[in-house]
Amino acid sequence: MWWDERVSARFRRNLQPTLTYWSVFFSFGLCIAFLGPTLLDLRCQTQSSLSQITWVFFSQQFCLLLGSCLGGVFKRTLAQSLLALFASSLAISLVFAIIPLCHNVLVLAVVMAVAGLAMGCIDTISNMQLVKIYQKDSAIFLQALHFFVGFGALLSPLIADPFLSDTNCILSNGTANASSNLPHIRKSLLPHHPGNLSHYDLPMKGMVVTRVSYAFWIMALINLPVPIAVFFLLYKERMVPCLNGSSHPLLSADELALETRPGDKDELSSAAQRPHTAAGHEDLFSCCQSRNFQGASFTYFAVHISGALVLFMTDGIVGEYSGFVYSYAVEEPLAVVHKVAGYLPSLFWGFITLGRLISIPVSYRMKPATMVFINVVGVLITFLLLLIFSSSVVFLFVGTASLGLFLSSTFPSMLAYTEDILQYKGCATTVLVTGAGIGEMVLQLLVGSIIHDRGSYSFLVCGMIFGCLAFTFYALLVFFHRMYPKPSPEPDEASPEKAAVAEATGQYQR
């Protein structure tokens with residue numbers, strides 16, 4: 001294997017939980033990308049207006065953000081985490097199965113809000129658990145985790161595509177005229193920006209003809225093995241409430257440190273059975289409690305805030321670029337044909353997924369800080385070149401692919417870097433996930449308003465500004481990293497002091 005034996009042994013020891021968390025993130029990706037292409041058919045199903053149906057985007061994203069904030073509540077114990085992941089992944093399958101039965105837009109919005117809460121819990125808990133299992137080796141496994149969300153996001157539109165309506169799915173007297181706009185309208189649906197399509201007139205009453213229900217039922221079946229996998233992990237860890245009330249942690253810090261000393265593991269396993277409460281990695285509200293601030297230095301807060309601001313900008317760029325690149329391409333001066341411009345969002349997400357796959361081996365050889373530096377500089381240079389060659393259609397495609405590659409590994413690399421700075425004792429995962437979610441939501445709304453007032457060229461100007469801010473916040477993070485207190489020399493691994501420290505920090509245990 002291309003990694004060393006120590007990491008390989010740790011992966012083999014935690015094979016089932018690692019694969020389970022990866023599969024749960026596949027559910028996250030499957031659920032996050034289906035709404036855009038299917039929204040017109042869902043409009044027909046609910047017989048609502050375009051401005052009404054686009055609010056479903058907002059309900060999903062807002063509750064995703066809320067779920068990310070609250071996800072840490074279920075992280076107090078491993079049993080709570082796995083039960084929350086089981087409920088969340090099962091909820092996503094149920095949401096896919098229920099969506100075809102939603103014939104009212106308000107009911108659909110509520111169902112998508114439930115899906116958003118489930119996705120937010122998955123996002124926070126899966127990142128936290130992998131960080132706690134692998135700690136300083138977590139970068140490579142986080143890259144793989146985020147590859148699976150990209151894979152799911154690529155797969156769900158492909159499943160939906162054969163079942164999408166080629167003509168308006170509500171038959172009425174105005175169907176013929178409205179149907180000619182459908183390809184453009186479908187690709188112009190912008191998440192979290194309701195009302196941007198109010199100038200299109202599509203019929204709201206008539207006979208509904210859509211086959212999109214089959215796509216949702218197929219996705220429900222594809223996702224069903226995921227909650228089953230989580231249930232098997234619960235069963236293996238003896239955490240199924242109705243079968244066995246006992247629980248035991250997954251992997252102790254002592255066992256991680258002594259992986260090359262198998263003779264000590266029996267002694268460690270008995271010590272690991274003691275119950276404990278995690279000291280870090282809590283929900284956002286617990287992180288804000290005053291007890292967590294006692295004795296904390298200024299740099300402790302600065303690392304959290306600057307890391308979250310980097311992801312606020314980079315994840316915001318992902319959201320606004322994927323949402324608006326099509327609209328930018330079809331406007332002057334580029335005036336790309338609608339069908340050709342429709343490939344740009346797919347190209348962008350395709351290269352994000354490819355970049356995450358490439359980052360899996362790269363992250364083993366390269367430090368997370370270096371990867372984040374390359375990412376933010378690459379984003380900055382790409383937007384600069386896009387501005388310089390703003391009249392070139394070819395470079396728009398090249399720049400879109402380049403931007404996808406550079407943005408692909410930013411989140412997992414930043415998460416690994418920030419947790420490493422804080423020695424896995426802060427609230428970095430919760431704060432970073434929340435900051436990224438807020439950025440994706442807020443920057444899309446902001447850019448949508450600016451484009452409406454200033455024209456399509458402002459799309460690239462906004463991206464350039466966000467890229468500069470991301471680089472600035474990264475430079476501040478590096479500065480605060482140098483100021484952050486270095487960890488004190490650790491006691492001998494076999495000493496009682498070492499065991500006491502490990503128990504006090506509440507590390508992820510078996």
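Every residue gets a Cβ built from N, Cα and C, even glycine.
Here's what TrEMBL has on this protein:
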TRANSMEM  21-40  transmembrane segment
TRANSMEM  52-74  transmembrane segment
TRANSMEM  81-99  transmembrane segment
TRANSMEM  105-126  transmembrane segment
TRANSMEM  138-159  transmembrane segment
TRANSMEM  214-235  transmembrane segment
TRANSMEM  298-318  transmembrane segment
TRANSMEM  340-358  transmembrane segment
TRANSMEM  370-389  transmembrane segment
TRANSMEM  395-417  transmembrane segment
TRANSMEM  429-451  transmembrane segment
TRANSMEM  457-480  transmembrane segment
REGION    487-510  region 'Disordered'
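If one looks beyond the transmembrane segment (138-159) by at least 6 residues along the same chain, the residues whose Cβ comes under 8 Å of a Cβ in the stretch are 3, 7, 11, 18, 21-23, 25-34, 36-37, 126-127, 130-131, 215, 218-219, 222, 346, 349-350, 352-353, 356-357, 359-364, 368, 371, 408-409, 411-413, 415-416, 419. Contact counts against the transmembrane segment (457-480), taken as Cβ pairs under 8 Å, peak for 370-389 among the stretches 52-74, 81-99, 370-389, 395-417.
Listed stretches 52-74, 370-389, 395-417 were compared with the transmembrane segment (340-358); the greatest number of C-beta pairs under 8 angstroms is found for 395-417. Highest Cβ contact count with the transmembrane segment (81-99) among the listed stretches 52-74, 370-389, 429-451 falls to 52-74 (criterion: pairs under 8 Å). If one looks beyond the transmembrane segment (429-451) by at least 6 residues along the same chain, the residues whose Cβ comes under 8 Å of a Cβ in the stretch are 61-62, 64-65, 68-69, 71-72, 120, 123-124, 127-128, 131, 190-193, 196, 281-284, 287, 304-305, 307-309, 311-320, 323-324, 327-328, 411, 414-415, 418-419, 458-459, 462, 466.
Same-chain residues lying 6 or more positions outside the transmembrane segment (214-235) and placing a CB less than 8 Å from one of its CB atoms are 16-17, 19-20, 23-24, 26-27, 30, 34, 38, 79, 82-83, 85-86, 89-90, 92-94, 96-97, 99-100, 155-156, 159-160, 162-164, 243. Residues 352, 372, 375-376, 379, 403, 407, 410-411, 414, 417-418, 421-422, 426-428, 431-432, 434-440, 442-444, 463, 466-467, 469-470, 473-474, 476-477, 480-481, 483-485 of the same chain lie 6 or more positions beyond the ends of the transmembrane segment (298-318) yet place their CB under 8 Å from a CB of it.
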